[in-house]
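Peer 1: One structure, as C-alpha cells, below. Some questions next.
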Amino acid sequence: MEALGKLKQFDAYPKTLEDFRVKTCGGATVTIVSGLLMLLLFLSELQYYLTTEVHPELYVDKSRGDKLKINIDVLFPHMPCAYLSIDAMDVAGEQQLDVEHNLFKQRLDKDGTPVSSEAERHELGKVEVTVFGPDSLDPDRCESCYGAEAEDIKCCNTCEDVREAYRRRGAFKNPDTIEQCRREGFSQKMQEQKNEGCQVYGFLEVNKVAGNFHFAPGKSFQQSHVHVHDLQSFGLDNINMTHYIQHLSFGEDYPGIVNPLDHTNVTAPQASMMFQYFVKVVPTVYMKVDGEVLRTNQFSVTRHEKVANGLLGDQGLPGVFVLYELSPMMVKLTEKHRSFTHFLTGVCAIIGGMFTVAGLIDSLIYHSARAIQKKIDLGKTT
C-alpha cells in the first residue's frame, strides 16, 4: 500500500470529486463541435492513409530495340479525308519502315457529324480514292499512260498509275481527260468530299528513334531523298489546316498522367498554314502497388506555325507536323502504401490537439462568463 501511495505522486491527471465538477451549456457546445471536427479530421487522415503515394526516380534510359506507340485522335473540320495523307518519318527524313499501325479516317460533314457509320482504314502515305471494280476489266490489259510512259512504267491500268507516271514528269493532266480516272470516279470523289471534314484516329507503332509524323494534303512520295506531297492533282486552292486534337499520347496512360495536347483547338488564321509541334518524349516506368509494371512515356511540347506557300524549299508544306525526340533519361514512378506509424501519429495529433484547444476554449468561455456575472451581481448590490 505504501508503494501504491508513492506511485500516486506521479499522477499528472489529478481527479476531483464529482460533486465539485460544474457542467455548463458552453462546455457541452464546445464538446460537440470539437467531437465533430475530430471525426472529420480523422476521416480525412484515414482517406489520406488509404491512398498510395508516388515516389519519382531518375535513371539513364538503357532500353534498346523498343517500339514507340503513338495514340492519335485528331479532327480536321475543313480537310476532306480524300485529300488527307498521313506519314511517319525518321530523323533523317526517310519514311519509317516496319511501322505497325491501325489508323482510321472518318468522314465528317460541315457540322462535325460522321457522314457514314463506318470509318475507312488508312494506309500510311496514301489518300483514299474510290477504285473501280476490276472484275469487269481484262486482268491482262495494258492501258495508255497518255505519253508519260517510262522504262519501268509501260502500262497505266488505274488512275493512280497515270498520276504516278505524270508525277515523274512533273505535271499531272486534267483527270477528266483520262479514261482511267473517269472510270474510277476520281473527280466525283474529290468534288463529293470538297466541303467535308475528317477525323483521324488510331495508333502508330514506330521505331524508338527521333522522327515525325504529319497530316498533310496530297499524295506523298520520295523524290531525290526528299519527302514531298503532290497537291496539283487534287486542285486544292484554299488549304485550311484548322484542327482539334482530341487526344495524343505516346504509350499507355497511367494514374495522374497529363497529356498536354489533349483537347487542343487550333484555328488556322489563313490558308496554307504549317503547324509544327516539337515534342520531347520522356520514357517512363510506372510501378503499381500490386507489382504491375507499366512502360509508357510522358512528353512536353511547344508549337510553331507559319505560312507555307511552296511545295518544296524553306517555305515548307501545309499541314500538321509532330516532330518528336526522345530524352536519354528515364523516369521511374513507384506507388507505395503510406506508413501506418505516420497514420497513428496523425490520429494522435488530431485527438490531442482537439482536446487541448477545446479545453482552452471551454476555460476561456467559462471564466469570461463568471467574470461578467460577478460584475452584474456587483452592480445590483450597489
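Indices start at 1 and increase along the chain as displayed.
A Cβ is built for glycine as well, from the same backbone N, Cα and C atoms used for every other residue.
According to Swiss-Prot, the protein has these features:
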type: TOPO_DOM; residues: 1-25; note: topological domain 'Cytoplasmic'
type: MOD_RES; residues: M1; note: N-acetylmethionine
type: REGION; residues: 1-25; note: region 'Required for MARCHF2-mediated degradation'
type: SITE; residues: K8; note: site 'Ubiquitinated'
type: TRANSMEM; residues: 26-46; note: transmembrane segment
type: TOPO_DOM; residues: 47-340; note: topological domain 'Lumenal'
type: MOD_RES; residues: S116; note: phosphoserine
type: CARBOHYD; residues: N265; note: N-linked glycosylation site
type: TRANSMEM; residues: 341-361; note: transmembrane segment
type: TOPO_DOM; residues: 362-382; note: topological domain 'Cytoplasmic'
Peer 1: Enter the number of other CB atoms within 10 angstroms of the CB of the residue listed as 'phosphoserine'.
Peer 2: 8
Peer 1: Report, in whole Å, the straight Cα-to-Cα distance of the residue listed as 'N-linked glycosylation site' from K8 (site 'Ubiquitinated').
Peer 2: 76
Peer 1: Give the number of CB atoms, excluding that of the residue listed as 'N-linked glycosylation site' itself, located within 10 Å of its CB.
Peer 2: 11
Peer 1: Could you break down the residues of the topological domain 'Cytoplasmic' (362-382) into DSSP helix, strand and coil, giving a count for each?
Peer 2: 20 helix, 0 strand, 1 coil
Peer 1: Can you name the far-off residues of the same chain, 6+ from the ends of the topological domain 'Cytoplasmic' (362-382), with a Cβ under 8 Å from a Cβ of it?
Peer 2: 22, 24, 26-27, 30-31
Peer 1: How far is it from the residue listed as 'N-linked glycosylation site' to S116 (phosphoserine), counting Cα to Cα, in Å?
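Peer 2: Here the two Cα atoms are 24 Å apart.
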Peer 1: Any idea what DSSP makes of K8 (site 'Ubiquitinated'), helix, strand or coil?
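Peer 2: DSSP assigns K8 (site 'Ubiquitinated') to helix.
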